[in-house]
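Heads up: the structure comes next, in structure tokens.
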Amino acid sequence: MAAPMDCLESLEGDGDAGRRASGVEVALPSNPTAPAPLCPHGPTLLFVKVNQGKEETRKFYACSACRDRKDCNFFQWEDEKLSEARLAAREIHNQKCQPPLSRAQCIERYLSFIQLPLAQRKFCQSCQQLLLPADWREHGTHQLSADISVAQLGRPSQLLYPLENKKTHAQYLFADRSCQFLAGLLATLGFSRVLCVGAPRLHEQIRLTASGERSGMRSLLLDIDFRYSQFYLEGSFCRYNMFNHHFFDGKAALEVCKEFLQEEEGKGVIMVTDPPFGGLVEPLAITFKKLIAMWKEGQSQDDSHKELPIFWIFPYFFESRICQFFPSFCMLDYQVDYDNHALYKHGKTGRKQSPVRIFTNVPPNKIILPSEEGYRFCSLCQRYVSRENQHCVHCNSCTSKDGRKWSHCFLCKKCVKPSWIHCNTCNRCALPDHSCLGPKDGCFICGALDHKRSNCPNIGTSWRANKLVEFFGFLEKRLLMSSFLGAIYRSTKLSEDSEFFRVLNRSSHHYV
């Protein structure tokens, strides 16, 4: 999954996305024992408006997956009391928004479909559905594809049209070049199982590769797109919302994921995730830590110090935010391309190149990047870098993030982009036509003009973030209701400041 380039360019300076651009943050509930209300996409997240570091007094619940209320119009004030009639109507609405076929029905239909002769295997492009003979009359006027082969069934991402709504799915799929590289790299690194979170095309590539002689890897796809339910059996796909750790098919699906992660005491498995870039980093980090905790449950005591290997695929300018929550992660120079997005394809120079990178806790010296695509090994950094990424003797690192050769600024004491110059007014490097310090510049948290939000001393550090996760882990052991536990995690504000617990006790009076 990915997001449109026009959004990415505007986000590069901030290092966060989606609601944050409009001054909205994920918040902790005033009452930690209250479960989050449900929308069609599972438990909602709690948000609060922030203006120059000051939180509005009234928080609200909104959908975790959809950033546009046209796609999911759920809205509820945190302190709002709903009547039984409204709660009942909401439950009915949530049920109506679910897919027309259950997971069990999809599996039953799939098993029947593959038994049909080739001439009777049809796919409705209009409804995005595999058709059985009994369905033909109902879909007679629709656009159909006939003679669906076994090979086509193995590549559903090529049968299904991408969900390209920018603010909801932003479903851009790995290009074959990147997909084959990732699958080959995972095999070279010796992994036998891959948990693909929001990476359907990699899931397909691994399954196709496993059917040959090259690799015996297995894959489990977790994805919010219900259309994949009709192409996979129980052990290959779970419908899942990565922003709130919600399994749409309940405990049975959760157990599938748990068994997959804990097989062989958790050895030989890696998680590869490709979240929508418009999503907030904090909820994703909380979800991934829950998957890590699930994996750790299956480990022996001798392996308790080990980390679940992860490939998190995201734009390079989210580096500081990701490393805040996962300090052991590093960013690789490899540029990940997307098939159905012209600006995410491999280019020959600088800004034509994809901004998408791999963040991982796998040691970078173990990861070989293809020399034929312009990568070389830096003996000083002990990792592969892009050809233009030159080693800086002052920084003692290959510093480029975007594929261009960066220049060292002695005043800033770091390397900067070649298009930037040092501004004496701002005392930092920036684009030549930037606006100097003013009301629109500075920190979104504390209002100071000498730094951005991502570098604010008041924002939670990785230590604080991990401590907060531990706090919610403690609550998880105390509480038994899984949906309630998910609400606790999903309503977490990781960037708490020194006033954190006092903010929780503030009374809510008005909303501006």
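Backbone N, Cα and C atoms are what each Cβ position is placed from, and that goes for glycine too.
Among the features that Swiss-Prot reports, Zn(2+) 1 binding site is placed at Cys39, His41, Cys63, Cys72, with the record citing sequence analysis. Annotation source Swiss-Prot lists Zn(2+) 2 binding site at Cys124, Cys127, His139, His142, citing similarity to another entry. Taken from Swiss-Prot, the feature S-adenosyl-L-methionine binding site covers Gln171, Tyr172, Leu173, Phe174, Arg201, Asp223, Asn241, Met242, Asp274. The Zn(2+) 4 binding site annotation in Swiss-Prot covers Cys392, Cys395, His408, Cys415. Annotated Zn(2+) 6 binding site per Swiss-Prot: Cys423, Cys426, His434, Cys436, in sequence order, evidence recorded as similarity to another entry. According to Swiss-Prot, the feature region 'Regulatory loop' maps to 335-355, an assignment based on similarity to another entry. Among the features that Swiss-Prot reports, zinc finger is placed at 39-81, 441-458.
For Cys395 (Zn(2+) 4 binding site), applying a Cβ distance below 8 Å and a minimum sequence separation of six or more within one chain yields His408, Lys414, Cys415. Note: the CA-CA distance between Cys392 (Zn(2+) 4 binding site) and Cys423 (Zn(2+) 6 binding site) rounds to 22 Å. Taking only the Cα positions, the spacing between Arg201 (S-adenosyl-L-methionine binding site) and Cys436 (Zn(2+) 6 binding site) is 44 angstrom. Taking all protein chains in view, 14 other C-beta atoms sit within 10 angstroms of the C-beta of His408 (Zn(2+) 4 binding site). According to DSSP, the secondary structure content of the zinc finger (39-81) in residues is 0 helix, 18 strand, 25 coil. Of all Cβ atoms in the shown protein chains, 14 besides its own fall within 10 Å of the Cβ of His142 (Zn(2+) 2 binding site). Using the Cβ center of Cys39, His41, Cys63, Cys72 for Zn(2+) 1, the list of other same-chain residues with Cβ within 8 Å runs, in sequence order, Pro40, Gly42, Thr44, Ala62, Ser64, Ala65, Cys66, Asp71, Phe74. In this structure, Cys426 (Zn(2+) 6 binding site) belongs to neither helix nor strand by DSSP; it is coil. When the neighbouring Cβ atoms lying within 10 Å are counted for each of the binding-site residues (Cys39, Cys72, Cys124, Cys392, Cys426), the highest count belongs to Cys39. The Zn(2+) 2 site is set by Cys124, Cys127, His139, His142; from the centre of their CB atoms, other residues of the chain with a CB within 8 Å are Gln125, Ser126, Gln129, Leu131, Asp135, Glu138, Gln143, Leu144.
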